[in-house]
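Contents: one structure, followed by commentary.
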Amino acid sequence: MELKGKKVLVVGLGKSGLAAALFLRRRGAQVTVSDIRSAEALSKDIPALIEQGIAVEAGGHGLLTFRRQDLIVVSPGVPLDTPELVQVRKFGLPIIGEVELAARFLKGKTLAITGSNGKTTTTSLCGAILERAHQHVQVGGNIGLPVIALVDDSRDDGWSVLEISSFQLETTERFRPGIAVILNITPDHLDRHGSFENYVAAKERIFAAQTHDDALILNADDDAASRAAARASSRIFWFSRNRVIRQGAFVHEGNILFRAAEDAATEPILPLSEIPLKGAHNVENVLAAVCAARLAGVSAEAIRDAVRDFRAVEHRLEFVAEIGGVSFYNDSKATNVDAARKAIEAFPGGIHLILGGKDKNSDYRTLRPLMAGRVKAVYTIGSAAEKIMTHLDGAVPLIAAGTLDLAVNLAGGAASPGDVVLLAPACSSFDQFENYEQRGQVFKDLVLAHRGAAAWQNASA
């Protein structure tokens, strides 16, 4: 893909948009960045862009700016129904995303992981396993560095391990990972995609360019993910907690096993008891990583050692502290209902659950069966609070806390020794926080302010 002298517009100046703009400029393109945010809001990044000869359009998108380009690169946070994109698409102007741009230049082998939940943990674990096998590994995508920022350091003999979201997949065309993983597909981001069917279609783009030379790893226990097999040209491998798999990774008699082919011998990998991560969903994440790593040629011994040493990723069912016999867990990354369900299922009972944030057109009623005998009370926060309380009315005691600060204080004060205070919001964070990371950090700060106390001490009014 020749970029020198081409007029390229980058739409959206988030982390990936900024990285894409700088990459394009280094490759000789005439780059413009367009963002709906004001120049004041973008003041941190504008000077560096101008210094590199990149033009900046702030405070809105101009249709003429879009029409003057040879190529448009869309950041994942920008909806494809943005009016200016809809208009220029009619003229046949190429529109791709940052991941697709990177895929045209990335060297070496690619392992790409998507799913509604578990992406970050599985991606991080796969990276750790490949590093344990002394491979040259870069990890990025929807976590850490944008994919485009990995290009310059990529090597023909190396691996790029990528977490890829549905937003990123929407704008892919030739993105072809040698190994692709779909962990699960449950309703999420319906406010963006419009329907579950559209969301599934976006997820399935991860294997759209694959051939029979490539591998696709699917969750045999997840209906939507497993149905993807019928639409794939790839070699299919499976993972399952619940059944023996002919080709892939599975659990049998308390051990994780792997079978490379239907007629191959079964290889023992490690006992479930040696997985350091909490929750059945993390067994699935480990199974997916085991399958991917064996297909990448990593030995069972290296996989076992890496899994044993792996620790929970921040904001993902992260243990924060025990205060007065009460355990506090931060699962701020549980930004949808299915993720919250898996967090709740990780504990046998005694849960004081903090739910809420910005609604994503979710159905919280699916949590009702989990409440009896497991959740002592729900503390609602954010703009979704009223909807959550309506959906869970009568299933569990409900406390309208409003803010995370008050929710933590109320839950900490009500919990008894042996109980758990769990932040698993089932919502995005953007109504009260910059992102889920900030929400999780605030939760941890609120909890740790009480560390060392014999019992929870509520803040004074």
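Placed from the backbone N, Cα and C atoms, the Cβ positions cover glycine too.
Over in Swiss-Prot, the protein carries these features:
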- Gly115, Ser116, Asn117, Gly118, Lys119, Thr120, Thr121: ATP binding site (BINDING)
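Feature annotations (Swiss-Prot) mapped to structure.
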| residue | record | contacts (Cβ under 8 Å, 6+ apart) |
| --- | --- | --- |
| Gly115 | ATP binding site | Thr122, Val181, Ile182, Leu183, Asn184, Ile185, Lys203, Asn219, Ala225 |
| Ser116 | ATP binding site | Leu183, Asn184, Ile185, Thr186, Pro187, Asp188, Asn336, Asp338, Ala339 |
| Asn117 | ATP binding site | Leu183, Asn184, Thr186, His281, Ala334, Asn336, Asp338, Ala339, Lys342 |
| Gly118 | ATP binding site | Leu183, Asn184, His281, Asn282, Glu284, Asn285, Ala288 |
| Lys119 | ATP binding site | Ile113, Asn142, Ile143, Glu163, Ile164, Ser165, Leu183 |
| Thr120 | ATP binding site | Asn142, Ile143, Glu163, Val313, Arg316, Lys333 |
| Thr121 | ATP binding site | Leu277, Asn282, Asn285, Ala312, Val313, Arg316 |
Per DSSP, three-state class assigned to Gly118 (ATP binding site): coil
Remaining residues near the recorded ATP site, that is with C-beta within 8 Å of the centroid of the site residues Gly115, Ser116, Asn117, Gly118, Lys119, Thr120, Thr121: Ile113, Thr122, Leu183, Asn184, Asn285, Ala339
